[in-house]
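Straight from TrEMBL, the features:
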type     : residues                                                                                                       : note
DOMAIN   : 100-165                                                                                                        : domain 'P-type ATPase A'
TRANSMEM : 250-272                                                                                                        : transmembrane segment
BINDING  : Asp363, Lys364, Thr365, Glu441, Phe482, Lys506, Arg538, Thr618, Gly619, Asp620, Arg709, Lys715, Asn737, Asp738 : ATP binding site
ACT_SITE : Asp363                                                                                                         : active site, 4-aspartylphosphate intermediate
TRANSMEM : 800-820                                                                                                        : transmembrane segment
TRANSMEM : 873-893                                                                                                        : transmembrane segment
TRANSMEM : 905-923                                                                                                        : transmembrane segment
TRANSMEM : 930-950                                                                                                        : transmembrane segment
TRANSMEM : 970-992                                                                                                        : transmembrane segment
Amino acid sequence: MKRYVYINDDDSTKDLYCDNRISNRKYTIVNFLPKNLWEQFSRFMNQYFLLIACLQLWSLITPVNPASTWGPLIFIFAVSATKEAWDDYNRYLSDKKANEKEVWVLRHGIKKHIQAQDIHVGNLVWLCENDEVPCDLVLIGTSDPQGLCYVETAALDGETDLKTRGVIECPSPDKDIRRFDANLRLFPPFIDNDICSLTIKNTLLQSCYLRNTEWACGVAVYTGNETKLGMSRGVPEPKLTAVDAMIDKLTGAIFVFQLVVVIVLGIAGDVWKETEAIKRWYVKYPPEGQWYELLIIPLRFELLCSIMIPISIKVSLDLVKSLYAKFIDWDIEMYDPESGTSSHAANTAISEDLGQVEYILTDKTGTLTENRMIFRRCCISGISYGNESGDAIKDVDLQNAVSTSSPDVIRFLSIMAICNTVVPTKSKSGTISYKAQSQDEDALVNAAANLHMALVSKSGNMIEINYNGSSVQYELLDTLEFTSDRKRMSVVVRDCQNGKVILMSKGADEAILPYSDPGQHTKIFSEAVEQYAQLGLRTLCLAWRELMEDEYREWSLMFKEANSTLVDREWRLAEVCQRLEHNLEILGVTAIEDRLQDGVPETIEMLRKAGVYFWMLTGDKQNTAIQIALSCNLISPEPKGQLLLIDGKTEDEVFRSLERVLLTMRITTSEPKDVAFVVDGWALEIALKHHRKAFTELAILSRTAICCRVTPSQKAQLVELLKSCDYKTLAIGDGGNDVRMIQQADIGVGISGREGLQAARAADYSIGKFRFLKRLILVHGHYSYNRTAFLSQYSFYKSLLICFIQILFSFISGVSGASLFNSVSLMAYNVFYTSIPVMVSVLDKDLSEKTVMQHPQILFYCHAGRLLNPSTFAGWFGRSLFHAIVVFVISMHAYSYEKSEMEEVAMVALSGCIWLQAFVVALETNSFTILQHLAIWGNLAAFYIINWILSALPASGMYTIMFRLCRQPAYWLTMLLIVAAGIGPVLALKYFRYTYTPSKINILQQAERLGGPILSLGNIEPQSRSFEKEVSSLSITLPKSRNSVYEPLLLDSPNSTGRSLGTVTPFDFLQSSSRLSSIYSRDYKTN
């Protein structure tokens, strides 16, 4: 579908397309209630509780008042709905602010102020410096004469362009911010009705800001929610964390257990009714019941046991996860003063997964490096400059070649100054500065200026160069833009002095050298590229070719036709460009340094100790990537390190190379960073397409990888490959080419870098520098996982506790499904009595931040899921059953005598539950604050205050009960006995474990409490994975032996000799754990 935009013609477009009113709201006042209820009831757990609540309306089977379920259900729904409404209201306020913002438009040659929401497609929008772009615009003119108009026409300055009329033919709205294939036709008298092609570079997209430009004028082509940003908005697909998946499994297990209990007790109840009930004079069942009588008792037990699954767990987890995200936003330790960037959590639901990351897939440029390019060396016509000083600009030989006007050097510097998209600007003082989209281009243009080949101006199609004080002008005829597939950029210019048409090209070596003139020897340039890459420098090859006038004229027609097509424009352009970019004369090679960011090697080393593995995915050359990997501690240097190269241009070559690497990886016993595989984009494409099983096995076995010359889509494929192996992945990058990888990963982290904010906006988390990643994972990931694991298991514990007491009561109540507790108590138990203490667990820290950062190995506990798994849940399950027995037995023996009322016994049992849970929370809390003490013990006091109030109300069903109980010493003695019997064994087990079989975390906790020195943790076992089982599922056989094997660094290193690999080194600190444990034991006993 096409869209025709009539410029400055309201009558033609006003009713065809939407206005510019944006709406990010999820609800309206009318549909909020039904839509929100539909969303909430789309979850299985909510459907389950709704069914239970509806069954309780059947008075024949309900053991309690329906309010005991309807109350908490409505409360939970109300909390969720309120949160949704609040978020939607904030979106509404944001939309309202944007819609009512005042903007300038041009109508009939007059500038007029209107609200942004009143802009229509075809309107001319006038922007001033620092204004936000209100919709997607096609740029018509600017105040800067060098960038006045992107179309092939005369300048439209002054009053004329205020009355411009014409039509833009463009595609229907889409969300691809990298593409805009359109045509512009301006009506006479401005140009001869000629078609001008438009690309994404001719647009100003919504929410961008106009910088360093006095004014700009553009045509609105997409408005409102049809802008590219508006089409990209929306609620992203929710990511299921490992903790959420485990909770779902545990919920399923509890549900099955509940069904078994219901069936068993239901049958037992029916049997008792038929055999024993008739013998009891006080039990009056009808002699003959309805056909559904056999279902009444099982359904009654289903209602009674429904609280096994905690109704509040979902909303509780949502609330605490929102707080985890705020902790990340508020962390001043992750603030980058250089860029003024704070960390930000865009996704509030996956914080605990940060502690379970196993693989980090990282971009290189701008992520590991600073993305600040410095021109260091070059090779011109086989002569290298800058090798001795490390700075080619200061190389005397190069300076002499410039001063003597060496033809090759002059052409080389001309390409550096001309073949780019840089825009020069001149200040009032006459100083020239450059605005560049690419840091590489900025480095090259500044280097050329320092070598007396300065880019002075770009006015329309004219380019002015200042060489040694003399002005040289070129006419820009065509620009062959850079793409990730072509990997090169070219310009066609006409030398205004002699009229020659020249093609200037620059790009990657594999995109330039193969297209050289057949008679030119390029080996010396290939060797220079390899030499610079070994130093970790980024390389570009420069070339040119003089074109015949007829050849250019014929090609220009094809280029213009391809440039104006709306279907497959990119492919057509690449094909046409290929017709011109051949028989090139290679002039030389540039080498640019991109320095590592501060703290990158330390961050990688620390995360490695935590059991996190790294894959580097980059578009750079292999040797450049390897040198950066060595400098940032991603891999070990020779002789310890070994790199296994996967290469080849054919399917057979890649397969043989892959098999050789697989054989080595199967039997190696090296540390992760001591053995890594290296693959380029070509070989990777073949491996993923034809040998996916073998490459998947390699992904399972490998811990470190360097993937070079990879495209954005290949980055996303590698993330998906690791996810398919059941690894938890984190992708981090800083540019638009990293967006697909970031969105594909379990956790996406964007760096707010020099390449813009595309990656940061698409990510779950954004940070200012790579070094903050260690704090994000080690501190926030560790704490979030620990807190979520405790909260989820405690939620099940408190629900199972009260449910087990109900089940035990059924054995002394004729297995009838009668409830011990009244409806008010059950409702308050779920909503108030047990929720507040655990909510403050978001402040709990098992270890201090300093200790967590000093001992990254403890992240293995998160990897292995040692705090939330079927084993730990079984412990909480057993604890709830044990505590239920304690509360029930003691309460019944203390108060089940003739003068006691059932309500008194129930209140004693409920009080025992509240006391036990207060001590359980206190026992599981590692770091107390005033807020936590208030929540735990204040909640206990609030329990009595609430029940005193209820006891004063005759209609509550609990009239005077709490007053009577609190006056009885036996009641307080019973509470003391319940706490002692319930907490005593738990405390004893905890003491035994801390003293005789402490975990590594326990040892560190003991050291913190004693204030002792840093201790030796020994070796923490990582999460055990059955690699044989995983690989066997791929139908690939693993060898039985695991002998040492060695392949030299890069395989073709001339100094390589055979060496065996060492074993894994344990984590070393200073003092033994056994000594500290004995100190702790003595200190504990003396206390």
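Using the three backbone atoms N, Cα and C, a Cβ is placed for every residue, glycine included.
The Cβ of Asn737 has fewer other Cβ atoms within 10 Å than any other of the binding-site residues Thr365, Asn737. For Asp363 (ATP binding site), the number of other Cβ atoms no farther than 10 Å from its own Cβ, over all displayed protein chains, is 28.
Ranked by number of Cβ pairs under 8 Å to the transmembrane segment (800-820), the listed stretches 250-272, 873-893, 970-992 are led by 873-893. Comparing Cβ neighbour counts within 10 Å across the binding-site residues Arg538, Arg709, the minimum falls on Arg709. Largest Cα-to-Cα span within the ATP-binding set Asp363, Lys364, Thr365, Glu441, Phe482, Lys506, Arg538, Thr618, Gly619, Asp620, Arg709, Lys715, Asn737, Asp738: 25 Å. Around Phe482 (ATP binding site), taking its Cβ as the centre, 18 other Cβ atoms fall within 10 Å, counting all chains. Of all Cβ atoms in the shown protein chains, 22 besides its own fall within 10 Å of the Cβ of Gly619 (ATP binding site). For the domain 'P-type ATPase A' (100-165), the model's average pLDDT works out to 70.
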